[in-house]
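Here is what TrEMBL records for this protein:
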COMPBIAS  1-16  compositional bias 'Basic residues'
DOMAIN    30-84  domain 'HTH cro/C1-type'
REGION    1-21  region 'Disordered'
């Protein structure tokens, strides 16, 4: 997982933060960053050296941000590397999102199935995911670990936040659930921005917004995450025995792989010795 954003000061009294969950575009994102800093537009204008009127127009989407202004916003608001990347991506046209069927029909499907079988042989959990956390392919070990995933449209983010259901899913299994939830939302913020004109992205965002934890993180945080680094282990718990162990997650695309299909595999932390995931 990439670096998280550092805390910023709370909004002052009389400056209520918006609680409506919306798909990101450049204007909404810049407005959210400003409000997260607790700034009114006149204060933001002095900070980023852009006129108050231009800030308003950019936030409302009635005027584009030039490359120069974009960099002033990034510098003035002290955005971290991931936030800056997200900001620049939102200034670009949205990317079309291929369907699950299109991803499965690609010629490399056989290679992916072979890779997953090899992970099964090692007892490791593996899957290929689309940008919105939909499972495109998964090995047997993955399905065994998450038998109820089909109840959530085979989407890991829906399973994680289980909108419309009070039955826990990830909560009994993930020791630091709050941190994992923050990462999940931070990673979705990136993908919802890139694919913001996709009907599937809008539908998923609307579905997840019915879950209060997702909605609170979406509107109350400006964290952004790209990928998941194996140097950041995760503690998990066996819900039946209560036994805890540490796992490592690899999530990303290959150097020559398409950006719309991510390879994910999970394995026990080598520092703990052989254990079941």
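Each residue, glycine too, has its Cβ placed from N, Cα and C.
Unlike curated entries, TrEMBL annotations are predicted automatically.
The predicted model assigns the domain 'HTH cro/C1-type' (30-84) a mean pLDDT of 97. Secondary structure of the domain 'HTH cro/C1-type' (30-84) per DSSP (helix as H, G, I; strand as E, B; remaining residues coil): 38 helix, 0 strand, 17 coil.
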